[in-house]
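Peer 1: This is the structure I have questions about; it appears just below.
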2 protein chains.
Amino acid sequence: MIHYPNGSSFQQGKLATKKGAVKPVTNYGKRGMTLEEELNQANQYYQTKGLAVIHKKPTPVKIVNVNYPARSAAKITEAYFSQASTTDYNGIYRGHYVDFDAKETKNKTSIPLDNFHEHQIAHLKAITEQGGIGFVVIRFVVQDEVFVYPANRLIAYWQNKATGGRKSIPYAEIHDHGFRVPTQLNPTVPYLAAVDQLIAQLP
Amino acid sequence: MIHYPNGSSFQQGKLATKKGAVKPVTNYGKRGMTLEEELNQANQYYQTKGLAVIHKKPTPVKIVNVNYPARSAAKITEAYFSQASTTDYNGIYRGHYVDFDAKETKNKTSIPLDNFHEHQIAHLKAITEQGGIGFVVIRFVVQDEVFVYPANRLIAYWQNKATGGRKSIPYAEIHDHGFRVPTQLNPTVPYLAAVDQLIAQLP
């Protein structure tokens, strides 16, 4: 039996009310949600509250063929996933330009650097040079912990790898130099609380 | 015969050199380029010079069916264009979060408000409330003039329309309250020069 911070208990996909009646769970909690879905939910929450405007960019697709049937919407009949030239998320928070990617790893002791791509690192470097807030949101699935990890440290690990350094970032490094995202019910991943700490440390 | 600022002359898609030899034009100038292509070129220029990091977002596509052939890339076989929930461009410039859309009109005296969508206006309103720089880049094709027009004035016209006001923004309004983008060879649409003027007028 799991107890939520608000005192309600969770059991087999149902929320038990105080009187013992059981009602179906809608979309609270993160059961079955990917980190991406949780971040989208958090962004929607933040926007509704007027706290931030942050969106996930559409998946980049290279369109090869489109049919235009009469009296119907254009139908794409051949297309391929293409590699993004930037990160997946950006927007504005507390007047700052914020920019990040999200990664999940089932690895317990480190996150392999092959979760990242050269163009993502280059993009994060470019935006931090412009004064933007760059980071990655990393979930360690086994520990069920989420961190906001600053772009500058990720970039340092990336550059170090290129000159023969280690091929992953240790959990301990992220634990010590990232900012832990608290766990709560709604939104389930309140990552801007961790971004507040990151901003507080800026020079 | 057209003469460029640098003194070279342009004739039927060729650049005449001083000695009279003719070489093919590559991709300078805006012949055949859409405003979108010109803005992408400008953004590439600005990023290369380290002045800004601004990208066009991928076209949003609703993917319905994907085939995964053995030993080949995943092929999307059914998808549809979907409506964006934000504007097309955003990024960071001089530490500011910037966010905009681009519109071309062949109308000489005004730009019809049906060039815009409710969600674009709502998004521009949300980002200006967060302290972001919101605007639209508008080209009047007949005059061949491009303006950076501030989001707050566009929003006022939009809201006025909803209560029975006019259905377009007059050219004269955009001329008087927008910021003219100068014409030059590379980039052909140096719109950040006009954004500088917009920033200078901020309260």
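Note: Cβ is positioned from N, Cα and C throughout, glycine not excepted.
TrEMBL does not curate its annotations; it predicts them automatically.
Residues annotated as Mg(2+) binding site in TrEMBL: B:THR86, B:ASP88, B:ASP101, B:GLN120. Per TrEMBL, the feature site 'Transition state stabilizer' maps to B:LYS103.
Structural setting of the listed features?
Peer 2: Its Cβ placed at the centre, B:ASP88 (Mg(2+) binding site) has 18 other Cβ atoms within 10 Å.
Here the Cβ of B:LYS103 (site 'Transition state stabilizer') has 16 other Cβ atoms within 10 Å, regardless of which shown protein chain they belong to. In the three-state DSSP assignment, the secondary structure recorded for B:LYS103 (site 'Transition state stabilizer') is strand.
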Peer 1: Whole-number answer please: how many Å between the C-alpha atoms of B:THR86 (Mg(2+) binding site) and B:LYS103 (site 'Transition state stabilizer')?
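Peer 2: With the alpha carbons as reference points, the distance is 15 Å.
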Peer 1: Using the centroid of the Cβ atoms of B:THR86, B:ASP88, B:ASP101, B:GLN120 as reference, list every other same-chain residue with Cβ within 8 Å of it (recorded Mg(2+) site), in sequence order.
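Peer 2: In sequence order, the nearby non-listed residues are B:ALA84, B:THR87, B:TYR89, B:ASP99, B:PHE100, B:HIS123, B:LEU124.
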Peer 1: Give me the long-range Cβ neighbours of B:GLN120 (Mg(2+) binding site): same chain, 6+ apart, Cβ under 8 Å, in sequence order.
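Peer 2: B:GLN120 (Mg(2+) binding site) has long-range Cβ partners B:ALA84, B:THR86, B:THR87, B:ASP101.
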Peer 1: Measure from the Cβ of B:ASP101 (Mg(2+) binding site) and count the other Cβ atoms within 10 Å, all protein chains considered.
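Peer 2: So the Cβ neighbour count for B:ASP101 (Mg(2+) binding site) comes to 24.
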